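Annotated features, as they stand in TrEMBL:
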type	residues	note
TRANSMEM	38-57	transmembrane segment
DOMAIN	42-167	domain 'EamA'
TRANSMEM	69-88	transmembrane segment
TRANSMEM	100-121	transmembrane segment
TRANSMEM	127-150	transmembrane segment
TRANSMEM	157-177	transmembrane segment
TRANSMEM	183-203	transmembrane segment
DOMAIN	184-316	domain 'EamA'
TRANSMEM	215-232	transmembrane segment
TRANSMEM	238-256	transmembrane segment
TRANSMEM	263-293	transmembrane segment
TRANSMEM	299-317	transmembrane segment
Amino acid sequence: MIGPAIHNAAGLRGQGVPEIVLSEAGERSGLVTAMPDIIPMSALVLGAFAMGASPIFVRFAEVGPLTSAFWRVALALPLLWIWARLETPSGRIAPSWRPVAGSLALAGIFFAGDLTFWHLAVLNTTVANATFMATLAPVWVALGSGLFLGEPVDRRLVVGLGLCLIGGGFLIGESLSVSPENLAGDIYGLITSLFFGGYFIAVRRARRVLGGGRTLFLSSIVTASVLAVEAVSMETQLWPQTGAAIGALLSLAIISHSGGQGLLAFALGHLPAAFSALVIFLEGVAAALLGYLVFNESLGALQAVGAAAIFAGVVFARPRTHRPVTKPL
């Protein structure tokens, strides 16, 4: 895949031009697109805070958790369709989704599984335990990056991941517990992390061919279909009854899914999957901060230390060099 564009990029870097982002198509054609690291990294952080707001919207949704998850994805589809359409300039043919159809389907199924087992975990163990188990997703992404993506993990990312795990433990604080009664819920939380880890890998593979908008739109169709079946089968309150509930579901769709997942899908086209997965820890920081601001939930020194460790881990693990794999944004 290394062609003339690589040498051109090296020359431009030597002249002080921002690091070059190359796609597979760009490498073959000799085309390059300038993309400083700060742009996808900023998208990753903003996406984490947008996704971290989702628990607040769910509290006001007045429907069951699976139903709110369905509406979160289904109501976002029109916006994602517009984004997908805008990705391809007029007069150009969009890349075919067929080469990555399997990755798109898996991304949709994995995200539906993530939301489903998160719901089961919260019902069967403490929120702290469920949260901590879910934050293990970056571990699975790091283990799978070399095998499924050809992106081996370096020592800096291992150290950064360790700092984030320690920070995640501090962020949850004394609420984390070990109890035989919570075993089933803890296992559900662990399964949640496996599904979300698989989601990162599947989206990263799809982004090697498609832009972020088409990737998220097509995978979200699968997610919404799975969640629709689950919601109808397992819950009775399917429709919001008040304007506040409708507003909460729209916010969930626009901010947390279109915004949060959209920014994540964008970043996964430019940053390694294992590093991008650290966004889960930033999402926890955002949720804790927003819980304090909106619901006056307690935040102490332990949580502050945890947040600091997470930010330190992300900064330490950030890639010094990378070879992005997709040209579409």
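One is the number of the first residue shown, and numbering goes on along the chain from there.
Cβ atoms are placed via backbone N, Cα and C, with glycine included.
Listed as Cβ neighbours of the transmembrane segment (215-232) (distance under 8 Å, sequence separation of 6 or more from its ends, same chain) are residues 64, 66-67, 69-70, 73-74, 76-77, 80-81, 83-84, 97, 104-105, 107-109, 111-113, 115-116, 202-203, 206-207, 238, 257, 261-262, 265.
Below 8 angstroms of C-beta separation, residues 103-104, 106-107, 110-111, 113-114, 117-118, 120-126, 129-141, 144-145, 148-149, 215-216, 219, 264-265, 268, 273, 276-277, 280 of the same chain, each at least six residues beyond the ends of the transmembrane segment (183-203), sit close to that stretch. For the transmembrane segment (157-177), the list of distant contacts is 126-129, 131-132, 135-136, 138-139, 142, 272, 274-275, 278, 281, 284-285, 288, 300, 302-303, 305-318: same-chain residues at least six beyond its ends, Cβ to Cβ under 8 Å. By the count of Cβ pairs under 8 Å, the stretch nearest in packing to the transmembrane segment (238-256) among 38-57, 69-88, 100-121, 263-293, 299-317 is 69-88. The stretches the transmembrane segment (263-293) and the transmembrane segment (38-57) meet in space: the count of Cβ pairs below 8 angstroms, excluding pairs fewer than 6 apart in sequence, reaches at least three. Note on the domain 'EamA' (184-316): mean pLDDT across this stretch is 91. Counted with DSSP, the domain 'EamA' (184-316) comes out as 108 helix, 0 strand, 25 coil. For the domain 'EamA' (42-167), the DSSP counts in helix, strand and coil order read 99 helix, 0 strand, 27 coil.
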